[in-house]
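The block underneath contains the structure these notes are about, expressed in structure tokens.
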Amino acid sequence: MTWKSPVALVREALQGQRAREKDLRSLMSNLPYEGLEKGKQPNRYFPSNAIKTTKYSLLLFIPMNLYEQFHRLANIYFVGLAILNFIPVVNAFQPEVALIPICIILSLTALKDAWEDFRRYQSDKKLNNTPCFIYSRKEKQFVERRWKDVRVGDFVKVVCNETIPADLLLLYTSDPNGVCLIETANLDGETNLKQRTAVSGNPEFEPESFNGIVVCEKPNNNLNHFKCYMWVSNTQKVGAGIESLLLRGCTVRNTDHAVGFVVYAGHETKSMLNNSGPRYKRSKLERRLNIDVFFCFILLFAMCLIGALGHFIWLYALPGVPPYLVPPANGHLDSPNLSSFYMFFTMIILLQILIPISLYVSIELVKIGQIFLITNDIDLYDEETDSRIQCKALNITEDLGQIEYIFSDKTGTLTENKMVFRRCSIMGTDRTGSSSRCQKIDPYLEFFLALTICNTVVVSMTNNPLETLSSLVKNTGNILKCCKRKPKRNRTFTMDSDDQFQPSVKMEEPGTSGLQPCSLHAASLHDKHPLTSDNLRYEAESPDEAALVYATKAYGFTLLARTPDSVTVRLPSGEVLVFEVLDTLTFDSNRKRMSVLVRHPITKEYVLYTKGADYAIMELLGTPYAGIGNEKNIAAVTQRHLDCYAKEGLRTLCIAKKVVSEAVYKHWLVERQRALTAIDNREVLIMDTAVQLETNLTLLGATGIEDRLQENVPDTIMALRQAGIKVWVLTGDKPETAVNIGYACRLLEDEDLITCRAILDCTLEEVRRYNSDPRNVDTTLNISLVIDGRTLTMALSPDLRGDFVDLAKHCRSVLCCRVTPLQKSRVVKVIREKLKVMTLAVGDGANDVNMIQAADIGIGISGQEGMQAVMASDFAISRFKHLKKLLLVHGHWCYTRLANMIIYFFYKNVAYVNLLFWYQFFCGFSGSTMIDYWLLIFFNLFFTSLPPIMFGIMDRDISAEMLLGVPELYKTGQGEGDYRFTTFWVSILDAFYQSLVCFFIPYFVYQDSDIDMFTFGTPLNTTALFTILLHLSIEIKSWVIMLGSVLFYFIVTLAYSATCVTCNPPSNPYWVLQNQMADPMFYLICILSTVVALLPRYTFHVLRNSIALSPLIEAKHLDRLDPSMREEWMKEWRSYRGGGQVQRSTLSTPPSPTLENPVDIFSESLAVSDIMGDDFTLNVFGQ
């Protein structure tokens, strides 16, 4: 290895940084440079494929971990005080003793971090040493290497069921059509297969003959986009996108082998760039906690200042120098001013536990325990999917008990997302979704042919490879007969033009290519042709597409195979057509449609089939089908059918086609190729070319697909609304469909319905008039708002945003229709920021990710649309109904436990520290203590720490049955909840009072006696323990942990007093507690002090539980009854408390819709054009 100067190393590092930061990268094959030193490699500036996710190294673990822990200000505070205690003039404890608490905390945290990092190291080692195949020029073949040996510019071969080691540009596959199927479950959770196509398309690809240059964009974390082109010659370049990229971490399926060119490796791969580690969110309670810690700092400063001033006054009041003031080595005492300055820092060390050092660790332990209980709740387990709730954000469990707004997706969240084809409209004729064969009329055939072709469904077989091989060999004769037979009769197709044709279906001879192991492609006619449609399986990216393809199969149009270049369809007559696929214009959220451009195998015409949302298709229609009389009104009739489908709650799609002339296609192809090979604005250019072709469409028909509600969705939404949570549903469906689902899931009421077609100000003014009416005091106007996407865009504009939020906060529920994913996240952000409320978003698909991440808590549902929402969420559930118990029960428990535990921690630390503070008034503010230092440390670290932790994890103030039966109890946690400003300061004042009682009752009892300092401090310490533990017993139900703490205190203290003579010189705690326990006065002091200290608090609780009953107190009383009687009381209580809460709106209302058809009023009073029009429309529904 040649030596390089530091200047050369720096220059090379800067060159590498510039190469990595370029927007475009030019990559070359490494094969011509194989064996040369690194400095001569063309891709040397790009990282290797080895990954390292560990944070520490063995040598630097201690300093790096301490650096990480010192990012928490509390640790710096306590370490600083421990160091300050080593200064002789200000120390309050024995210096080594003062280090014990912070050392224990730091050591426990370091052990936890070390274990986590060691697990990451083991994972990295296993991954980096995974075998793979890299092409070697010397060996003239692919040789086995490790993942860490892969470099940018290498050729890597992946085989069936193997994980892809790096981001590969697909150049060759074993499939004759250049197709490779991959499973992306490790990246986005989707188990359906994705189709990738080779760039070169060369069936005889040889790595050594590759001399092209690959130009790609800088690495990014977008899993759905990739910009690249490849120079195959000096003048020809071929564009490539995400459809040709094999991502690291994906698994090859149903493809024997594939070869790719490494474009990104290691930490630059898309999967690693998306691996941001666990998310960290600060809960509302934690933010409030930091404010109260600041108040404790102020209180500590005030107490230390009093101690310093008291010491100054005491020194000045001395007539001389008392004998117990020993001067330092120089023989002179410090001046009162300097002594009081030193005493200020001594008091900080003495009273430091006013800031609870163990609070943060205790909170982490409590949250881990709470998560364990949530994840092991059998009611949140889904047997059908064998999945339970997942908690990914470990530090916001208490926020589940403070939610005020829920934003929910509809499809897959409220519904099953298991699509069933129910209705279709074909050229103006309505048909039900039966499985009978279609009529032998040309428009029907064209409609189902469009449904079969216009999708991205991948065809595979249900059999495993051995079964497939056996089936194909067994039925070879039947396959040949099927392929060679002539059609029984001709079929006439009517196209957009006046030309008619008599297609004698031209059949191709089956190919003779051999069967490949692990290749399950349902091949086109020149490949293996499947025998029957029974063994076909369709892998669809959305349930809608799968439902449509299975529906066309039921009607006799069977999708047999799909390759990048062709689609094979079997007609009801048994004839097989192979359509050449010229291009696929994929779906995007802007166009709301997708198209497939094919060449008809018989007419050789260029036909564009388009499928999309009804409004997206209707506005692109040209002249409808002409020449058969009544079909001029097809669009209007189809629109009426669509409205009827929407009223039934069906999801609607429109199907259209267009015949493209050869001249138009060739001109468009040039623009398309230019867009595909572009790097800058590639997505925009591709979308522009799609829009350019999708014009003057001919409507073929529409479909209605049923998506049924999930189990118990209406009950869940009703319970959430009773809990004071406002539910918003954000969906992309038609308003009629959304409103129907809204009634079905009880988001909207079945009673009075109002449609106010007015500007926002008018509607808002009507609500304000209602609220200002004295007759409507303490009542709520029950209204629901239905708003479409275009209107929502206007409502969220800066000049109308405030009025929209003002109106929305008066609505019980809001239904947003035709909204985009971006609008979903904007709505959540606006409500969260403007109203300062706690929000929760729940969804199941990739289009819900932005909304989930914008809310305080994001919940993903593991449904039919993959796992993108789950992977981006804080909590993951399998059913919407689980939200009820998660919020109303676990949310209430987690918040109540943690809030009371934090307040209790502050209380017990203030109460105990004040014992030391009151003692300073009788020892000249000298910083002395009447309790041994070891017992001081043990008191907060061991004796009183376990009960509040167990309280925070296990305590149940109200049973789950009561919380589910009376959802109104959830309201106690909303807003400020239990952890309020007043609650904190009342607890602090109570701590001051109890410390006064615990100090001065023993003081007056032992006044003028000759007992020593530790004899006086022992009853104080014991009384403080009893008082602090019994204080918690007011809230907690189980006293076992209390008795355990008391027993542990006496065992440790007795053992310490018996064995430690001078453990903390010059103090001598030997046999102190033993002597005290032999004195009846000790027991009298403990009992009297504890009773007097807790008397006000117990009196307050008795009065509160008997006179001013809160809903929680009533619920606790009902919990004590037996189940049958409790159920009767709950029903009576619900009817009583819910009776006068809501007053009917005085707004004028039309007649109430019937329960059988609740949307009829809506359809009569509001046309689709009203909702979709340019005028500002708000639809307000009220009781």
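Even glycines carry a Cβ here, placed using N, Cα and C.
Database features (TrEMBL):
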{"type": "DOMAIN", "residues": "42-97", "note": "domain 'P-type ATPase N-terminal'"}
{"type": "TRANSMEM", "residues": "73-91", "note": "transmembrane segment"}
{"type": "TRANSMEM", "residues": "97-115", "note": "transmembrane segment"}
{"type": "TRANSMEM", "residues": "289-317", "note": "transmembrane segment"}
{"type": "TRANSMEM", "residues": "341-363", "note": "transmembrane segment"}
{"type": "BINDING", "residues": "Asp409, Lys410, Thr411, Glu545, Phe587, Lys611, Arg651, Thr731, Gly732, Asp733, Arg818, Lys824, Asn847, Asp848", "note": "ATP binding site"}
{"type": "ACT_SITE", "residues": "Asp409", "note": "active site, 4-aspartylphosphate intermediate"}
{"type": "DOMAIN", "residues": "870-1107", "note": "domain 'P-type ATPase C-terminal'"}
{"type": "TRANSMEM", "residues": "902-921", "note": "transmembrane segment"}
{"type": "TRANSMEM", "residues": "933-954", "note": "transmembrane segment"}
{"type": "TRANSMEM", "residues": "984-1005", "note": "transmembrane segment"}
{"type": "TRANSMEM", "residues": "1011-1032", "note": "transmembrane segment"}
{"type": "TRANSMEM", "residues": "1039-1061", "note": "transmembrane segment"}
{"type": "TRANSMEM", "residues": "1081-1100", "note": "transmembrane segment"}
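Counting same-chain residues at least six beyond the ends of the transmembrane segment (984-1005), those with a Cβ under 8 angstroms from any Cβ of the stretch are 292, 295, 299, 903-904, 906-908, 910-915, 917-919, 922, 1016, 1019-1020, 1023-1024, 1027, 1031, 1081, 1085, 1088-1089, 1092-1094, 1096-1097. With a cut-off of 8 Å on Cβ pairs spaced 6 or more residues apart, the transmembrane segment (97-115) and the transmembrane segment (289-317) reach fewer than 3 such pairs and are scored as not touching. Taking all protein chains in view, 27 other C-beta atoms sit within 10 angstroms of the C-beta of Thr411 (ATP binding site).
Counting every protein chain shown, the Cβ of Phe587 (ATP binding site) has 18 other Cβ atoms within 10 Å. Contact between the transmembrane segment (1039-1061) and the transmembrane segment (1081-1100) is absent: fewer than three CB pairs lie under 8 Å, with pairs separated by 6 or more positions in sequence.
The C-beta environment of Asn847 (ATP binding site), restricted to residues of the same chain at least 6 apart in sequence and closer than 8 Å, consists of Asp409, Ser589, Gly732, Pro821, Lys824. Remote same-chain residues near the transmembrane segment (902-921) are listed as 285, 289, 292, 296, 299, 303, 307, 310, 347, 350-351, 353-356, 358-359, 362-363, 927-931, 939-940, 944, 948, 951, 979, 983-984, 987-988, 990-992, 994-996, 998-1000, 1020, 1024, 1027-1028, 1031-1032, 1035 (criterion: CB distance under 8 Å, separation of at least six residues from the stretch ends). Cβ neighbour count for Arg818 (ATP binding site) (all protein chains, 10 Å cutoff from its Cβ): 22. When pLDDT is averaged over the domain 'P-type ATPase C-terminal' (870-1107), the result is 90. Taking the Cβ of Arg651 (ATP binding site) as reference, residues of its chain lying under 8 Å away and at least six apart in sequence are, in sequence order, Thr411, Met419, Asp544, Gly704, Ile705, Glu706, Asp707, Asp733, Thr737.
Take the binding-site residues Asp409, Gly732: by the count of other Cβ atoms within 10 Å of each Cβ, the lowest one is Gly732. Residue counts for the domain 'P-type ATPase N-terminal' (42-97) under DSSP, split into helix (H, G, I), strand (E, B) and coil, are 24 helix, 0 strand, 32 coil.
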